[in-house]
Amino acid sequence: MTLLQVMAADDAARVRLRTTEEAAIAAELAAHGITFDRWPVLDDAAALSSDDLLAHYADRIAALNADGRYRHIDVARIHPDDADPQWPQTARAARTKFLDEHRHAEDEVRFFAAGRGCFYLHLGAEVLAVVCEGGDLMSVPAGTLHWFDMGERPDFIAVRFFEEADGWVGDFTGDRISAGFPTLDDLLTAP
């Protein structure tokens, strides 16, 4: 379920809004210049190769990239692999990479073809936690302070759009604000 929870930046327990209503989520994000959209999902996305997945969404990708600014479009995947004894360590390392507050020099555009992840947007006096699921497209404007949590058992497929090959590299602020907010797993289990 797509979820938006808006919290005070200085007190995560002060929740102004918690909703799963798509129109309310889109409106709240649009008020901050953040694009949110829904694309149809494929039931068998996990079975498709990255090339086949990109081919399936080619028309939507072309429309989103009509101005040609995204020169690098790829697919990121992470799935639980209990048969691999190294998987928990790999998952922890992947999750930890973007759990601290950072910004990017370009827009961070992601389409979740399957699974879920949570963007936390630090916008002035508030933090907006946006749990994205399969079908969600979100564009976080360049320079926006944020962090990302893929959960304790990361499982998602995301199409990523970059202007530059290193567009995913974060500029970390050193602020530990993220430690004071509910994790993706906490948000999903909250009443």
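Cβ coordinates come from backbone N, Cα and C, glycine included.
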Residue in His72, His79, His146 which Swiss-Prot records at the Fe(2+) site where His102, His104, Glu108 also bind: His146
Neighbour count (Cβ, 10 Å) for Glu108 (Fe(2+) binding site): 23
Most crowded position, judged by CB atoms within 10 A, among His102, His104, Arg110, His146 as recorded positions: His146
Alpha-carbon distance [Glu108 (Fe(2+) binding site); Glu101 (site 'May play a role in metal incorporation in vivo')] in Å: 14
